[in-house]
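Shown next, in structure tokens, is the structure this report addresses.
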Amino acid sequence: MDKIVIEGGKPLRGEVKISGAKNAALPIMASALLTEGWNTFHNIPDLMDIRTTRKLLQSLGVVIEGTSGTIRLNAGEISNIEASYDLVKTMRASILVLGPLVARLGIARVSLPGGCAIGARPVNLHIKALQEMGAEVILKEGYVEARAKRLKGANLYFDMPTVGGTENIMMAAALADGVTLLKNAAREPEIVNLAEVLNGMGAKVSGAGTDVIRVEGVERLHPVEADIIPDRIEAGTYMIAAGVTGGDIRVLGCCLSHLDALIEKLIDAGMTIEPFDGGLRAAGTGTIRSVDITTLPHPGFPTDLQAQMMSMMAVAEGLSVMTETVFENRFMHVGELMRMGADIQIQGNSAIVKGVGALKGAPVMATDLRASASLVLAGLAARGTTELSRVYHLDRGYEELEKKFSALGAEIRRISE
């Protein structure tokens, strides 16, 4: 098993190119199931979750050319309607094949998903919506089985904004009979990207990016060529890296409008953020001010940047309160940060972070994707050597992480244990 070794304490400087967004690429790859013929998608990142999705779609009969960058998918002949546990167990986004399969073929059998162990993330919202669209859905032996001759348009309300649920039902509704309204829909940029792809296929989706999405079902969709948006979470991670190391990084290829909540907090913390054509400059000033964070669905502060921001607050001046409202059990990185000298107390769904000025390198263990990123940032800021184990979590969501940080001047390397 690999681990990452970091010699910290060096300001990071230079340029970093942001990869395509994993959380946009996964549903867009699944959307190919709605069509016959060759879909072409650009800016696909080379990540473990992408490779898992590739295997999953191929197991269903999808022909795929390419592994990253530009890939082509042809779902003209679906030979299997079951997404098996062996493929689904490592990645929750696997549930995204459920809606497209039921919509196009009238049947699907998908194993209950796995992925990061950061809370329940229930699929009941997906199931309830499909049932309201006329599908017969049962849970049997760890699988979701859904059947419908043709899904019917429906007036749907999500009890809470759900990114995966919004995406799944948007895709299902694209081939349904009639109009579907998704109320209290998630508003993330990745949902807007998916809606653009669906409309390119001939779907009639409006309102993506708001909390009410309207989908008028059509009889048939056609293949499309489309681009994946840049990864706002990767961009945010490198922006925070500039702050936590007192560095100066030009973040290329990011979309500023996707980063509003983070930018505001980084400026409050004393960083310099300067937009330019094609990206932004993020620079630390040497002194980090404490800021309070409350995670919220988009356009609020993203839960996927909470752990990284905590690493920065661990070396800030003063006291910060970080409140997690989106997922439960998302403070599993706290114990590892404390091994490096951080002063953090958990009170319910809040973490009270008292800045200590400097962290010390230590052996630490990743518990999930974003927690692992926070430990990398802490290691980059710390004095001495940090060894991060279980780095397969990082490989699920960060493309060429060591290479990109090395290009910014970090002493970081991967070794096999």
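Backbone N, Cα and C atoms are what each Cβ position is placed from, and that goes for glycine too.
Keep in mind it's a predicted model, so treat the numbers as computed, not measured.
The annotation phosphoenolpyruvate binding site is assigned in Swiss-Prot to K22, N23 on the grounds of sequence analysis. According to Swiss-Prot, the UDP-N-acetyl-alpha-D-glucosamine binding site annotation covers R92, D304, V326. Summarising the annotation, Swiss-Prot assigns active site, proton donor to C116 and lists sequence analysis as the type of evidence. Annotated 2-(S-cysteinyl)pyruvic acid O-phosphothioketal per Swiss-Prot: C116, in sequence order.
Shown here: features listed in Swiss-Prot, placed on the structure.
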residue	record	Cβ within 10 Å
K22	phosphoenolpyruvate binding site	25
N23	phosphoenolpyruvate binding site	25
R92	UDP-N-acetyl-alpha-D-glucosamine binding site	19
D304	UDP-N-acetyl-alpha-D-glucosamine binding site	21
V326	UDP-N-acetyl-alpha-D-glucosamine binding site	22
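The maximal spread of the UDP-N-acetyl-alpha-D-glucosamine binding site, taken as the longest Cα to Cα distance among R92, D304, V326, is 16 Å.
Classification of V326 (UDP-N-acetyl-alpha-D-glucosamine binding site) by DSSP places it in coil, neither helical nor stranded. Cα separation, R92 (UDP-N-acetyl-alpha-D-glucosamine binding site) to N23 (phosphoenolpyruvate binding site), rounded: 11 Å. Cα of D304 (UDP-N-acetyl-alpha-D-glucosamine binding site) to Cα of N23 (phosphoenolpyruvate binding site): a distance of 11 Å.
Spacing of V326 (UDP-N-acetyl-alpha-D-glucosamine binding site) relative to N23 (phosphoenolpyruvate binding site) is 16 Å (Cα to Cα, whole number).
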